[in-house]
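Structure first, commentary second.
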Amino acid sequence: MHSSAVFQAVNSRRSYSKVTALAPTRAEVLPLVAAAARVADHGALRPWRLLELRGDARDRLGAAFVAASVCEGVEALKLAGKPLRAPLLLAVIASRRVSFKVADWEQDAVAAGVAHVLTLLLEDAGWGAMWRTGPLVRSAPVRELHGLGDDEELLGWLYVGGVPADCKPGVRLSIEPEEFLGVL
Ligand SMILES: Cc1cc2nc3c(=O)[nH]c(=O)nc-3n(C[C@H](O)[C@H](O)[C@H](O)COP(=O)(O)O)c2cc1C
């Protein structure tokens, strides 16, 4: 069982904080999005959407960060440059649908599930990805840039790019599963 491709992919998953300027094309990303949409989804509400940010859209996100902050001068320049750490950012948006049956938190769990599975699929396709948020993710300028509706919340961005040839190995320590799997 532990040699299955799925087990290996999940067990070796890691984030890439540094990526190269290469990015998957929209055509390459689309089938991964379709596959990620297969996560469990109570009522099949599809309570999520993604936005691609490439090129100067990343500068506009940097400007929104600065507008939402109290930073000036060098600090503002540093903040403005944060979205430039990857050539492609995929904004993850929880879009809550009106439902008497499915609570908001269940819908947010679906959106988060899509993002987790998508990072795994991106890695499986040879790309480096890292989910990032930051304190300004729910600020008004950032919300406005993404055109969020009243029933939407930004869950952050998957920073996506090429895996550097000299990247360091991942560092997450293994857990002791007995500690996490109780019995009632
Ligand atoms: C919702 C969410 C938001 C995150 N936001 C950040 C962030 O803003 N900055 C950061 O350094 N890591 C953030 N992380 C953690 C990284 O994505 C990553 O998991 C962490 O650096 C550990 O690396 P690993 O995934 O290789 O174990 C976030 C993770 C999640 C699930």
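Numbers run from 1 along the shown chain.
Including glycine, each Cβ sits where the backbone N, Cα and C put it.
Annotated features, as they stand in TrEMBL:
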BINDING   Arg13, Arg14, Ser15, Arg38, His42, Trp131, Arg132, Thr133  FMN binding site
DOMAIN    11-161  domain 'Nitroreductase'
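Everything TrEMBL records as a feature, shown here on the structure.
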residue	record	contacts (Cβ under 8 Å, 6+ apart)
Arg13	FMN binding site	Thr119, Leu120, Glu123
Arg14	FMN binding site	Glu123, Gly170, Arg172
Ser15	FMN binding site	Thr119, Gly128, Ala129, Met130, Trp131, Gly170
Arg38	FMN binding site	Val117
His42	FMN binding site	Lys101, Val102, Glu106, Gln107, Val110
Arg132	FMN binding site	Gly156, Trp157, Tyr159
Thr133	FMN binding site	Leu155, Gly156, Trp157
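Look at Arg132 (FMN binding site): DSSP puts it in a strand.
The 6 Å Cβ screen around ligand 1 retains nothing from the binding-site residues Arg13, Arg38, His42. Cβ neighbour count for Trp131 (FMN binding site): 17 (other Cβ atoms within 10 Å of its Cβ, all protein chains included). According to DSSP, His42 (FMN binding site) is assigned to a helical segment. Summarised as a single figure, the pLDDT of the domain 'Nitroreductase' (11-161) averages 97. Secondary structure from DSSP puts Arg13 (FMN binding site) in coil.
Maximum intra-site Cα distance, FMN binding residues Arg13, Arg14, Ser15, Arg38, His42, Trp131, Arg132, Thr133: 28 Å.
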